[in-house]
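Taken verbatim from Swiss-Prot:
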type: BINDING; residues: 70, 82, 83, 84, 286, 300, 301, 302, 303, 304; note: ATP binding site
type: BINDING; residues: 82, 84, 209; note: Mg(2+) binding site
type: BINDING; residues: 209; note: GTP binding site
type: BINDING; residues: 311, 312, 317; note: Mn(2+) binding site
């Protein structure tokens with residue numbers, strides 16, 4: 001059934017339960033956000049100070065900490081207890097991006113970085129040999145290429161040296177923040193070093209992923225990658241982008257350790273800014289996928305990417321994010337997710353040669369059929385809010401919904417079909433259909 005054959009008015013029946021679910025089970029409260037953010041800031045301040053004390057190379061190249069991920073995009077579901085932080089390393093300010101640094105596209109969504117020319121032109125900064133040479137030597141091979149494995153191993157060493165400056169108890173390190181003790185352990189996860197933090201009473205737990213990155217466009221000269229990497233959208237005022245030491249398996253590239261994943265988190269934040277209810281929608285789809293075993297392994301970034309492509313779709317009326325009803329938007333994007341799974345394709349937004357779903361293998365089929373069943377049942381039960389709730393909530397949350405929603409449903413009378421404001425016709429593209 002094609003999505004645009006559905007009645008726009010019918011999907012408004014989902015508005016009230018969606019608003020209730022958003023408020024009670026998805027949206028993070030301001031108090032929780034402030035509490036966890038304050039704890040994170042205290043941990044980070046103490047930890048970065050020890051990192052700078054522990055390693056001269058880190059102190060020399062240290063840039064700002066770049067907050068990334070769901071928590072700071074405001075699309076996090078549940079407690080704000082997981083944070084992604086880019087630990088930015090800035091290249092020498094005297095280097096010119098066009099003459100001293102050679103960045104080339106390699107495998108889809110990856111680049112190589114060569115700084116041999118910059119090292120040879122060190123006369124631009126008389127103190128270069130003393131100030132920068134040690135770090136450059138640690139991070140590069142004998143041909144001047146940055147090597148992600150060396151860079152990542154170096155950062156792990158910095159983290160370990162910094163932690164060793166704190167008191168320890170067993171396998172945990174103790175960071176004192178404003179009179180409170182935070183117990184910290186570490187683990188490796190992809191390109192990140194994760195700090196697993198707990199309060200002394202074990203009531204608060206926070207995971208902090210520290211990802212070391214090399215930042216570009218942080219000085220007077222600028223460098224953007226050549227096609228097929230997407231050029232910087234006009235809406236994006238920020239020019240900085242990062243190279244991430246993220247390993248890529250089976251890419252056929254001879255020197256894969258020279259490859260770095262490109263990351264454009266600043267631009268993605270610009271693209272999602274002030275786009276109506278789009279962040280609510282991202283949270284809803286993420287909530288749904290997190291509840292079901294078949295879809296749990298779909299990374300949240302892939303969900304975000306689907307929305308970036310929808311914003312880029314010229315066949316859509318982009319006023320939809322403010323004019324359509326909550327129910328219509330939710331079902332449209334759920335069906336769009338199904339279309340991507342059905343085609344087994346979610347292209348990386350910045351380099352469409354890279355299909356993100358390739359990393360998931362056969363799990364995509366299970367996801368596709370699960371989403372298809374959910375769509376069919378919701379479409380057939382628009383008058384029953386419990387069907388929608390069943391697919392968006394955990395068992396305990398659903399039991400709570402059943403107890404509470406019926407007694408307050410009258411409070412949503414202002415959202416009834418007759419009183420709801422007119423909404424634009426649903427115009428999905430031809431891909432958004434369920435077969």
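Cβ coordinates are placed from backbone N, Cα and C, and glycine is handled just like the others.
Keep in mind that what you see is a predicted model, and the values were worked out from it rather than measured.
Features per Swiss-Prot, on structure.
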| residue | record | contacts (Cβ under 8 Å, 6+ apart) |
| --- | --- | --- |
| 70 | ATP binding site | 76, 77, 82, 84, 286, 300 |
| 209 | Mg(2+) binding site | 69, 82, 83, 84, 85, 189, 192, 193, 194 |
| 301 | ATP binding site | 356 |
| 303 | ATP binding site | 282, 285, 286, 289, 337 |
| 311 | Mn(2+) binding site | 271, 272, 275, 278, 318 |
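With a cut-off of 8 Å between CB atoms and residues at least 6 apart in sequence, the same chain places 349 near residue 312 (Mn(2+) binding site), listed in sequence order. Cβ packing within 10 Å was compared across the binding-site residues 82, 84, 317, and the lowest neighbour count falls to 317. With respect to Cβ neighbours within 10 Å, the binding-site residues 83, 286 differ, and 286 shows the lowest count. Of the chain residues outside the Mn(2+) site list 311, 312, 317, 310, 313, 314, 316, 318 have their Cβ within 8 Å of the site's Cβ mean position.
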